[in-house]
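As recorded in TrEMBL:
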- 1-404: domain 'Major facilitator superfamily (MFS) profile' (DOMAIN)
- 6-30: transmembrane segment (TRANSMEM)
- 42-62: transmembrane segment (TRANSMEM)
- 74-96: transmembrane segment (TRANSMEM)
- 141-161: transmembrane segment (TRANSMEM)
- 213-234: transmembrane segment (TRANSMEM)
- 254-274: transmembrane segment (TRANSMEM)
- 286-303: transmembrane segment (TRANSMEM)
- 309-330: transmembrane segment (TRANSMEM)
- 351-371: transmembrane segment (TRANSMEM)
- 377-400: transmembrane segment (TRANSMEM)
Amino acid sequence: MKEYYGYSTTFFGIMNTLFMLFYAIGMFFTGPLGDIYHPVRVFFVMTALCSVTQFVFGGMVTSVTQGGWYYFYYPLWVVNAIFQSGCWPAGILIVGQYFLPKYYGTVFGIWSNDSNVGNILGAAMCTLMIEIFGNRASVPWQFFGPAVVLLVVSALMLYFLPRDPQSVGLVIHPEDALEEPLNPESGESETTASETADNERLDFFAAWRAPGVLRYSFSYACIKGVNYAMFFWLPLYLTEHVGRTSAEANGYDMLFNLGVIFGTLVLGVISDYCTAKCGDSCRAPPMFAFLVLAIIPIAMLRVNHPSVLYLSVTVFACGFLVGSVSNVLSSAVCADLGHKMPKKAVGQVSGIIDGMGAAGAALMQLLVTALAQLCGWGAVFVLLPVALGISAVMLAGMAYTETKELARNI
């Protein structure tokens, strides 16, 4: 849109910031919906509404292009962000009910990669639309195509996905779980207390006070800020500063997403191994290690005239180390924390942590936009490693405690 319709970098910065800000706000309200209503229905409604708004957005591209009219995009993008905010917590609830917590790292590592696979397929679809319709004429179809696919897939999921594990003969035995949560008032195990609390959900402020939620939330705010800065701004950085073409920039963006996919699988397996050894959730040590290592390739991205090999390895490493932590924390860790609580809270906890992450990403979009315009891209690649360092510090205490527990059990 920037190249063919003349929109400024500031316009895209505002769009990104609005999306993440209202995604964050929406998370606090839509996150618990899966705890209250059936998560499959919640997921379908939210994805269908996302599809509709994206289709409208594509139609507006060709009609709302005159100067001064671009502000019509803003409220539509805000609505899209709110609808999207309800999808992730509902998805975690749907997937988590089929598996034991000790396998969450691997299971959610595979599942959370769907967004990155979608990014790759979306980039490929955009390239295909350019080939079919030409550069400028393809822009609306780059919105229409994914919108139709999203609506069809969500409808298929609503129709074919079983409503619960028991309907397909799958029984999750509580004695095989990591640690049965206790009702703090009665002292009963959750397997008996749940008979009267199945339809209750944890209070919003009580969820904030639960162990680990606050620290993971602020850590994720920094992680998601960096991850989304790479997702939103990497192609623009490669075209404006490095001198790559749009097609080449899309290729590197796909490479970043491949790094996220492989990194998430590796981190998920490692965190499950640590959890199995400890007998309780033990995901902070490997996540902390990945974050510290991620500072190196992020800082190395700021070079003049990098070779193809240098840029490929660095971009892949960024995805492998940063995106993996983002995926595992926003899925497996949320499910771990939610299942330890005495009432239904997976959706609530997911909404809080991912909402804080989105708030951090919104702030990061503002900072990246301002720094790129006022100070240049060099300042941006000082900000991103600092944010990763802050995130690692937030996890350091939990990583230390869990590492000691892990050392005693190996």
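Just so it is clear, glycine is given a Cβ too, placed from its N, Cα and C backbone atoms.
Computed from a predicted structure; not experimentally measured.
Two recorded stretches are said to be in contact when at least 3 C-beta pairs lie under 8 angstroms, sequence spacing 6 or more; the transmembrane segment (6-30) and the transmembrane segment (351-371) meet this definition. Proximity of distant same-chain residues to the transmembrane segment (351-371), defined by a Cβ-Cβ separation under 8 Å and at least 6 residues beyond the stretch ends, is recorded for 9-10, 13-14, 16-21, 23-32, 85, 88-89, 204, 207-208, 213, 216-218, 220-229, 232-233, 326, 329-330, 333-334, 337, 379-380, 383, 387.
Residues of the same chain lying 6 or more positions beyond the ends of the transmembrane segment (286-303) and with a Cβ under 8 Å from any Cβ of it are 223, 226, 237, 263, 267, 270-271, 274, 310, 314-315, 317-318, 321-322, 324-325, 328-329, 377-378, 380-381, 384-385, 388-389, 391-392, 395-396, 399. The transmembrane segment (213-234) shares more Cβ pairs under 8 Å with 377-400 than with any other stretch in the list 42-62, 141-161, 254-274, 377-400. Mean pLDDT for the domain 'Major facilitator superfamily (MFS) profile' (1-404) in this predicted model: 82.
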